[in-house]
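Asks: Here it is, the structure in full.
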């Protein structure tokens with residue numbers, strides 16, 4: 001009976017795989033909670049009416065949505081690995097596989113249908129321009145992008161006329177009528193104080209005159225050129241995002257198979273417990 005007793009103590013479930021998957025999910029679980037907390041805090045700090053006006057382009061909302069989805073996904077992985085629950089582990093594995101395939105499909109479709117992807121990016125940028133003054137986070141994001149890529153607007157600097165404050169129409173009472181944000185302005189050497197009015201009235205000038213003061217090229221072309229020039233960097237980032245997902249899928253499937261083998265062993269022991277050789 002001694003061999004049988006030792007057989008009962010045997011387990012197919014590897015503690016290394018089990019706790020490696022648990023801590024792997026725990027790390028991203030904590031990250032997801034931080035993302036949700038930051039997103040909720042940023043959302044609550046905004047003025048209610050202004051925040052509602054640009055809900056579709058609110059970076060805080062995007063942060064909360066991604067954080068919640070990551071929280072639910074990693075929660076299944078944490079509890080499933082810790083409790084050796086096949087249902088939760090299968091849910092975690094299937095959802096992670098779906099996310100990976102969606103990312104892969106988005107990348108392939110974006111490459112194949114580059115013109116349509118460009119049109120979608122243009123739509124997003126134009127929508128952001130419309131709501132520039134409605135959301136401080138969005139405003140800072142656009143200013144950062146225009147400074148980073150040395151650009152102004154979507155197609156050109158005149159796209160800022162889509163914004164109600166920068167619109168060039170005669171009946172626009174705004175002080176910023178026909179202007180562009182200060183982030184469109186060419187950098188001034190040794191400038192101690194930022195001149196936030198440097199883009200005043202720039203939309204009224206033609207490209208040649210405006211180019212002496214501001215960037216006249218749109219951000220879409222600059223963004224496309226940057227992507228073409230940094231394909232290896234973007235590929236590395238994509239690989240860095242894909243590796244943790246593939247590791248999570250692999251570990252979860254290994255653990256599921258080990259749990260199934262352990263269940264078979266337990267059933268076998270129960271069925272043959274009364275046998276004389278057991």
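Yeah, the Cβs are placed from backbone N, Cα and C, and that goes for glycine too.
TrEMBL: automatically predicted annotations, no manual curation.
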Asks: Can you check which of 88-113, 114-139 TrEMBL lists as transmembrane segment?
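Replies: When 88-113, 114-139 are checked in TrEMBL, transmembrane segment belongs to 88-113.
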Asks: Measuring CB to CB from residue 151 (disulfide bond), give everything in the same chain under 8 Å that is also at least six residues away in sequence.
Replies: 145, 184, 215, 217, 218, 219, 221, 222, 223
Asks: Could you tally the C-beta atoms, other than its own, that fall within 10 angstroms of the C-beta of residue 184 (disulfide bond)?
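Replies: Result for residue 184 (disulfide bond): 25 other Cβ atoms within 10 Å.
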Asks: Cβ distance under 8 Å to residue 152 (disulfide bond), same chain, sequence separation 6 or more: which residues?
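Replies: Spatial neighbours, sequence-distant, of residue 152 (disulfide bond): 146, 160, 180, 181, 183, 184, 214, 215, 216, 217, 218, 219.
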